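A.B. asks: A single structure is presented below for examination.
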Amino acid sequence: MNNSIFKLENVIQNYVWGSQTAITELFGIDNPEQVPQAEIWMGTHPNGCSKLAHTGMLLSDFIQSDPANVLGDYTVERFGDLPFLFKVLSAEKPLSIQVHPSREKAIEGYQKENLQGLQLTDSSRNYKDDNHKPELVYALTFYKAMNGFRTIEEIVSLFDQAKVETLRLDLEKLILQPTSTGLKAFFDVVMNLSAERKQRALAELLQAVDQPAKTAKAREAFELIKEFRQDYRDDIGLFSPLLLNIVELEPGEAMFLHAETPHAYVKGTGLEIMANSDNVLRAGLTPKHMDIAELIANTNFISTDRDKLILKPFNIENKTAYPIPVEDFSFEIVNVETTERQQYVRSAEILFCIEGNCAIRHGSDVVTVAAGESVFVCNSTKVYEYFGEGRLARAFN
């Protein structure tokens with residue numbers, strides 16, 4: 001292998017919830033047809049595989065041509081392929097509320113649906129592969145999301161203020177059993193409301209959110225419900241701001257999203273890195289397939305302290321690294337200066353230029369990237385130099 005660093009050509013996904021302007025404003029990527037530009041994918045996922053810019057070769061084909069040199073022996077033995085998918089995500093409208101299964105349950109569910117004869121393209125399929133899908137999101141702009149269950153005390157208070165009388169008896173049961181089991185039972189009731197009870201409960205909720213809220217947390221939740229109802233007036237996901245933590249990230253902040261934890265991205269642009277999986281169990285704010293029984297079986301009913309959701313990074317010289325509790329990926333922000341620096345390589349890497357202009361050099365090969373562009377670095381590189389003026393996001397494992 002002569003070269004080991006390559007500029008990438010990446011796929012832009014035009015999902016309806018994407019922003020028409022943010023990616024152009026941040027990275028100067030043209031959007032002449034003014035379509036939603038929801039995500040830029042960097043990796044080998046078959047639904048949006050990157051290419052080597054100079055040859056047009058699919059990154060997946062390039063990796064398979066020499067996996068040991070491209071990925072490194074450890075990655076080949078441990079994962080068999082590039083273990084992460086790296087994205088720019090730009091949401092103008094909320095994404096569906098989602099839960100991703102653990103690796104064990106993904107293996108079990110994938111095998112079960114294969115035995116049932118469900119095609120991978122079947123809309124009722126829950127498991128597209130046998131992998132988990134932990135995620136990290138790093139905010140490039142102000143970024144709003146929901147992540148994990150609120151404390152039971154908060155949930156009770158918010159439903160109380162929302163005056164959802166249809167669920168009064170169920171809420172009283174939760175008050176009497178303020179545990180993981182009680183939360184699971186309450187969530188089960190909400191998600192499985194009959195058509196008549198659901199209609200009545202949503203009508204009560206939507207009437208309440210137009211009244212003044214008593215607390216700051218209720219005000220925040222009610223405002224989000226009013227946003228959601230513009231597109232999802234009859235959706236059970238309208239209850240989600242009462243159940244889930246609302247998280248606001250400032251640019252440069254990041255949070256981790258664990259398997260079996262309900263979450264949704266609401267608005268903003270960020271970088272997202274995840275295990276290479278497409279397993280999604282939906283819980284609302286979507287017209288797509290929802291398997292409530294499977295969702296509940298894959299949800300961990302534990303309250304999460306909102307203040308602990310934002311990761312505490314650590315700085316090493318010119319880098320900011322984020323603690324990640326899985327082996328599939330690592331993530332760093334690198335401040336690039338005119339003074340040349342070295343980076344030792346332990347796996348394949350994808351470097352994304354957040355801003356400025358940066359150069360990556362290995363031997364006599366130099367690849368330059370501007371904001372919005374990315375570079376693939378093979379494991380065989382062992383060490384490379386970088387210089388310029390800007391910031392790089394570094395994805396590796």
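Cβ coordinates come from backbone N, Cα and C, glycine included.
Here the structure is a predicted model, which means the values were calculated and not measured.
According to TrEMBL, the protein carries these features:
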type     : residues                      : note
DOMAIN   : 5-151                         : domain 'Phosphomannose isomerase type I catalytic'
BINDING  : Gln98, His100, Glu135, His263 : Zn(2+) binding site
DOMAIN   : 181-244                       : domain 'Phosphomannose isomerase type I helical insertion'
ACT_SITE : Arg282                        : active site
DOMAIN   : 318-397                       : domain 'Mannose-6-phosphate isomerase cupin'
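Each of these features: where is it, how hidden is it, and who are its neighbours?
C.D. replies: Note on the domain 'Phosphomannose isomerase type I catalytic' (5-151): its mean pLDDT in the predicted model is 94.
According to DSSP, His263 (Zn(2+) binding site) is assigned to a strand segment. Residues near His263 (Zn(2+) binding site) in space but far in sequence (CB under 8 A, at least 6 apart, same chain), listed by position: Ile97, Gln98, Val99, Ala145, Met146, Asn147, Gly148, Leu244, Leu257.
DSSP assigns Arg282 (active site) to a strand in the three-state reduction.
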A.B. asks: With DSSP as the yardstick, break the domain 'Mannose-6-phosphate isomerase cupin' (318-397) down into helix, strand and coil residue counts.
C.D. replies: 3 helix, 52 strand, 25 coil
A.B. asks: Determine, for the Zn(2+) site, the additional residues of the same chain whose CB lies within 8 Å of the mean position of the CB atoms of Gln98, His100, Glu135, His263; present them in sequence order.
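C.D. replies: Going along the sequence, the neighbours appear as Val99, Lys133, Leu257, Thr261, Pro262, Val280.
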A.B. asks: Taking the Cβ of His100 (Zn(2+) binding site) as the reference point, list residues of the same chain whose Cβ is under 8 angstroms away and which are at least six residues distant in sequence.
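C.D. replies: In sequence order, the residues whose Cβ lies under 8 Å from that of His100 (Zn(2+) binding site) (at least 6 apart) are His132, Lys133, Pro134, Glu135, Leu257, Ala259, Glu260, Ser277, Asn279, Val280, Leu281, Asn298.
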